[in-house]
């Protein structure tokens, strides 16, 4: 009790009073007197072999030995013939952590790659198989039935093999497409034609009235015009399409003559001379 009182004093940070020290001495003397009487009664009437200066642990050890228990020096106590496998104290608050293999690890969210799990191992050799292959497992690779199905997960997408096609139907060439016009010419010669532009007058300040160009509406060069239809090259050429200048025939009651570009007037369908 003196040691305990000193420990509590150091913990509280104050010195016990004289009255408290006297009370602690009285309790300690009473405890020792009661223990001495118990030890004397056990020695005389119980035939216990207890040392002269013993404590409560010696008494407990003697009681266990009388009851047929085994008590070691470190305090391990058990019945005869039933040695415990674990040295855990039932009243202890210490809990042993379970081993790492006590609980099964959860299944991972990803799946194994087919490149590593589908191909059989070289050790899987069947003696009944043909020996024509240099390596035994090459025969397993040759048959497509041994390949495991591809397992795909949402969390880990699997890249398809390089040899797999990118789409189910191959793309047809452009010339085999149904939208390609059949009536288009098979020869690209129509791109070589240079279309004739409308003759324009020189509107610069240096030009005069007489320097304007004159348009001839009687002769037209057929070879310089664009083809009349997409099937122009598919039809046999006539005499008029060889490149010969052909004169335009007037209708009945119509007169064709050369007209200057400046003499033409845009009337938008109305005759201005008739109004005047």
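Backbone N, Cα and C define each Cβ position, glycine as well.
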155-191, 192-228 - the range that Swiss-Prot marks as region 'Disordered': 155-191
Annotated range (Swiss-Prot: region 'Disordered') out of 1-30, 241-270: 1-30
Segment confidence, the region 'Required for DNA-binding' (14-87), expressed as mean pLDDT: 85
